[in-house]
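J.: I'd like to ask some things about the structure below.
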Amino acid sequence: MVATFNPAVGSHVWVEDPDEAWLDGEVVEINGDQIKVLCASGKQVVVKDSNIYPKDVEAPASGVEDMTRLAYLHEPGVLQNLQSRYDINEIYTYTGSILIAVNPFRRLPHLYSSHMMTQYKGASLGELSPHPFAVADAAYRQMVNEGVSQSILVSGESGAGKTESTKLLMRYLAFMGGRGAATEGRTVEQKVLESNPVLEAFGNAKTVKNNNSSRFGKFVEIQFDQSGRISGAAIRTYLLERSRVCQVSDPERNYHCFYMLCAAPEEDAKKFKLGDPKIYHYLNQSKCIQLDAMNDAEEYHATKKAMDVVGISSEEQDAIFRVVASILHLGNIEFAKGTEIDSSIPRDEKSWFHLKTAAELLMCNEKSLEDSLCKRIMATRDETITKTLDPEAALLSRDALAKVMYSRLFDWLVEKINTSIGQDPDSKYLIGVLDIYGFESFKTNSFEQFCINLTNEKLQQHFNQHVFKMEQEEYKKEEINWSYIEFVDNQDILDLIEKKPGGIIALLDEACMFPRSTHETFAQKLYQTYKNHKRFTKPKLARSDFTICHYAGDVTYQTELFLDKNKDYVIAEHQALLNASTCSFVANLFPPVSDDSKQSKFSSIGTRFKQQLVSLLEILNTTEPHYIRCIKPNNLLKPGIFENQNVLQQLRCGGVMEAIRISCAGYPTRKHFDEFLNRFGIIAPQVLDKNSNEPAACKKLLDKAGLEGYQIGKSKVFLRAGQMADLDTRRTEILGRSASIIQRKVRSYLAQKTFIQLRISATQIQAVCRGYLARSIYEGMRREAAALKIQRDLRKFLARKAYTELFSATILIQAGMRGMVSRKELCLRRQTKAATIIQTRCRVYLARLHYRKLKKAAITTQCAWRGKVARKELKNLKMAARETGALQEAKNKLEKQVEELTWRLQLEKRMRTDLEEAKKQENAKYESSLEEIQNKFKETEALLIKEREAAKTVSEVLPIIKEVPVVDQELMEKLTNENEKLKGMVSSLEIKIDETAKELHETARISQDRLKQALAAESKVAKLKTAMQRLEEKISDMETEKQIMLQQTILNTPVKSVAGHPPTATIKNLENGHRTNLENQFNEVEVNGNAGKSAAERQLENVDTLIDCVKENIGFSNGKPIAAFTIYKCLLHWKCFESEKTSAFDRLIEMIGSAIENEDDNGHLAYWLTNTSALLFLLQKSLKPAGAGATASKKPPITTSLFGRMALSFRSSPNLAAAAEAAALAVIRPVEAKYPALLFKQQLAAYVEKIFGMIRDNLKKELSALISMCIQAPRISKGGIQRSARSLGKDSPAIHWQSIIDGLNSLLAILKDNYVPLVLIQKIHTQTFSFVNVQLFNSLLLRKECCTFSNGEFVKSGLAELELWCGQVNEYAGPSWDELKHIRQAVGFLVIHQKYRVSYDDIVHDLCPILSVQQLYRICTLYWDDCYNTRSVSQEVISSMRALMTEESNDADSNSFLLDDNSSIPFSIDEISNSMHEKDFASVKPAKELLENPEFVFLH
């Protein structure tokens, strides 16, 4: 495969091994052409130098995505690369444009999600990781761009995954060419996809190698129109394995449909008279009845569902399953010898039962069915002869009938599917997907294997020609000189098989036409004809077998059944029987045979199949082919097992190794200039000159190495076979010499370093010793000086201490004397002050005691009166409460009671305040009168004392003065009378004071009772409020539920108008409790028919005027949108919110929808985003569902009660008047909204979300192109020849990152200029950064060349720029930076050094805590260090990740390593409401254009 190379000792090579195919090892000894190799397994082998191949030690551990990039393109290199990728679940690998798919035998749903299809859409082949989607996309793009039909050929042996790969291709083509929007009925692509389950049910079966093996070939033509949309399709099938219906080997199964029908629901099983599949002969020949991974009952329902999709009616489905059931019953008919010679009849009652059941299911005559199985009619010229069949012949007849019925049924299904799908006669382009059997070689190979291998021979020839063509195109593209490349042509094998006359098929047809021919005579004919043919041999000791040397190996065929299987005819009795069936479906399967066809020449399966192959190849030759080779890694059908020998054989059978051999025949090694110089620049470093370009440098290097025959292309170096190994050998020798030099230098450096350290150590020890001696002398001197200083300081301390004690004692004595004098003086002053205070407090106490008595009496009187009035009102309220009727009246009266009780409480509080004031005034009067009485009492008392003293004096003087004049006696009497009067007045005052005290006590008691009653009334008021609130909540819930039920039908169409609403609405009632003078004038007009029409027309004109004004950009006022504010004021004034029918909302919605038709104008969209969000905020604050806020929105009822009248006086107080004035100035008014208003609010919310999404998507679209340029660092070659390019490379990426920041700044400026709410700006940036995170992260995981150290540093520098921008606009960016967490952690992992020392816990908990195991595994396996050539994480870490992935393999979500872009709306209406305030709109001015219009006077 490659030329012999000259290995050196230490070279790494591959040696052949009978068990493992190839083993890697190291050359340890060379003796001429004998090479001793130490294998990695530990054993030593001696081989010839011609039997070893070089190994690329620098190949990445995870393999390469395209094997043409391998340094050595040979069998062991290819095998090792596939195994390395298979071990890390990378099951797809390119070989040029050929995709190799290794069956993982496990579910990998993350590889086939819709998100993955989106990733591959439009990506160039090789740009992303290998995938069937990439092949399908390349075919689709080539068809659309070049106008050339395409074909995708999927091949491989049974169990390799051909069917699944075909499904993926068809799914992706349906994704690319689908119609998108739903159409009536099923689309073409849906029918094409759903045809797979139907064909699998009737054409797939379990074989030894595969549980779901396709036993037929399939070519699906998907037709496209000029725009690239699927317009039609056709399915062509080849060579159904009919013999499987009657003969099943253990442990295989028959076709799936038989087992599905047996597992059908009980009613279907009874209808078809079916039971356990083990009782049917056609099924119980094998012990395998049930498959572990397949539920036949579920598959039955899935198949019926697929039949519905592809257009098979329920009647046709019933007929199909009746035919299938009849075949099972036919198989259980056994025959015994009849009464006549060589005749037969059904053996027993069981056979008769199955015969009868089969006849019933086929709707034919039971006797006719028996005759068709047991008899033959021979027609001669004169008469018709009936011939009986013996039991053995009857069994063969039975099996022939079963096989032909199933074959016709399968053909009908294919034809029905094609008819249902429909072909486009005008289609010019198609993409064909070929799913056909791979090369087969078993112990027993019959006619089916012969036809299958013929197919593979034809396809292999087509494949070789395509590969050769690709090689030529590659050479032409690189403009190199090339000569004709020889490759193995299998035309001689094809001539051997299909040449006419003289080919094997022609001889087989000839043998079939002779009645007496047997397989032995046919074999002898083959032996005679091809005894000298190099591709044909006769096995030893074989009488009827023959061997053909195919391209993939020798295959021995057994001819026993060749003749029977090649005959393509239907027994006449079977044809007549089924054509006469009363079931139209069965009769149509066997239409009457025309006379022309009866007289036509012999037709065979082989010839017909050969014609089908010719037709297929004609189609393929008119298309551009693409190849997918499916590989089965092991025969155990288990994951994680890679059998080298098995895979190698399949690579050979699939033609992959032949393609590699063709590549090796020319220039097998192709390296880009930079890769070549980076790898081999060490051979001739002097050629890496600053002034040299890459091609010249490569040429100089190759000339320096003395190689010849190479070619320098436009972008690559093309090397002959073996030249890469020679270069690697020289490189290894140079590296070895360099290693020796490095080792010598290192040893010299280490010895020198040791000597220097010893010398430094000796010097340091000497310095330490000298220092120690010097420090000892210095320490003695310090101690002597210190002793002298201590003595001096001690003497000074003792003297100072004696003086300080004497000084302190003197001061202490003086302080004690002065303190004693001061304390005596302080004590005297305290006594004087205390006496004064006691006198003052005593006088105050006496005065206060008298005042409290008077105040208590006054309060008692007031409380008694208030209690009387309150009880009277409470009694009236109770009577009114007992008279309540309906729920609404109860609610209104409760509201009235609550208000009255509220006002009563307020009045009570006010009365308490007034009474307090009256108390104070009365107390003041009482105090003043009391003082007067006390003064009079004191004066009277003083007079009495004087009188008593005068009387005493008189009594003392009386004995002396005997004679008193008359005048003195009269004066005495007057004084006595006056004294008596004063005494009486004093006693009456004392009585009056006692009565007043009693009344005060009684009043206090009554006041306490009244207070209790007032508290009880207040508690009752609270309870009534609670009850009323509950009633309101119930009513509100009922109304809200009603509104929600009405609105559910329009939730998904917020932009459309409400059906059923007329364009105009009749104004029934314009009163809402807040009428202006202008409204009063309008409502006073008599509403008759003509006046109503005029008002409606005026309303429509006003709405038109409003829309004409606000549909233009009328700007902002104080940072708030004028249009939104104007619309809200107009709708509020026109009472549209309270109207049951209005067209204003529909007109506004239409206006907004037409205003945002230009989806690319971010400025215009931002303007309307601000307006719609502001208007939504105003509606959110204003609108209340009907009945939910009736109490708050209604005007307080006018009351004539005492408390109501008194409350009116309270409303006119200064504080309440100011509050009313502030409420009048409020912009937002609560309104009880009707259904149209609530619908308008929902539609407005939908438009806010829609405009937000449009702006966000525009930004994403702008950034998408830039992100793709920011993910991969520019490649920089080794040496100076790229220095100028490096300097440009540093600036070029920065331009793309700066362009992203410029795009963000541009949009931010637009949003700020249009005053978009801050919360929406933050959400836009948050979702945009999340999009950037998803795109960068997914690109990193899908492109191996991105998972490098240098690329990590490159992306990290770009992320730093974004972080700086987020810091600069932190207010508007919000938490956007946190959205980049995945790419930040992934890049952080790429740029850390010494990854092999990092443990799994360190990665999961410290480096990348947010990443899943699948994502970490993907990064670790793809990573390669392009700067320092260090290793990735250790194998233990990889094993830990793989174990965890195996545990989570059943979870589809956990298996996905890609991120999904979240396009949902990330905010709610409440967030918008919380970001604004009502006061922000207080200073907003309406549109100036409307202020001049007399109809909009209310805007002033």
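Heads up, residue numbers simply count up from 1 along the chain you see.
Glycine is treated like the rest: Cβ placed from N, Cα and C.
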J.: Swiss-Prot tags one of 76-110, 496-530, 1371-1405 as region 'Actin-binding' - which one?
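T.: In Swiss-Prot, the region 'Actin-binding' feature sits at 496-530.
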J.: Between the candidate ranges 28-51, 220-243, 268-291, 532-555, where does Swiss-Prot place the region 'Actin-binding' annotation?
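T.: It is 532-555 that Swiss-Prot describes as region 'Actin-binding'.
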J.: In sequence order, which residues at least six apart in the same chain have a CB under 8 Å from the CB of GLY156 (ATP binding site)?
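T.: Set apart from GLY156 (ATP binding site) by at least 6 residues yet with Cβ under 8 Å, we have ALA101, LYS162, GLY438, ARG629, CYS630, ILE631, LYS632, GLN650, GLY654.
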J.: Would you mind splitting the domain 'IQ 4' (806-835) into helix, strand and coil residue counts from DSSP?
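T.: Helix/strand/coil tally for the domain 'IQ 4' (806-835): 30 helix, 0 strand, 0 coil.
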J.: Across all protein chains in the structure, which of the binding-site residues ASN211, SER214 has the highest Cβ count within 10 Å?
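T.: The most densely surrounded of these binding-site residues is SER214.
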J.: Using DSSP reduced to three states, classify GLY217 (ATP binding site) as helix, strand or coil.
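T.: It is in a strand.
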J.: Six or more residues out from either end of the region 'Actin-binding' (613-635), which same-chain residues have a Cβ under 8 Å from its Cβ atoms?
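T.: Residues 82, 86, 97-103, 105, 132, 135, 138-139, 142, 148-162, 165, 169, 209-210, 219, 221, 236, 238, 430, 432, 434, 438, 454-455, 458, 462-463, 466, 641-643, 646-647, 650-651, 654-656 contact the region 'Actin-binding' (613-635) from elsewhere in the chain.
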J.: Give me the mean pLDDT over the coiled coil (884-1049), rounded to a whole number.
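T.: It averages 66.
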J.: Counting only residues 6+ away from its ends, which parts of the chain sit with a Cβ under 8 Å from the domain 'IQ 3' (783-812)?
T.: none
J.: Could you give me the DSSP helix, strand and coil counts for the domain 'Myosin N-terminal SH3-like' (8-57)?
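T.: So the counts come to 3 helix, 31 strand, 16 coil.
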J.: Per DSSP, what is the helix/strand/coil residue tally across the domain 'IQ 2' (758-787)?
T.: 30 helix, 0 strand, 0 coil
J.: Inside 10 Å of the Cβ of GLY159 (ATP binding site), count up the other Cβ atoms and send me the figure.
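T.: For GLY159 (ATP binding site), the count of other Cβ atoms within 10 Å is 23.
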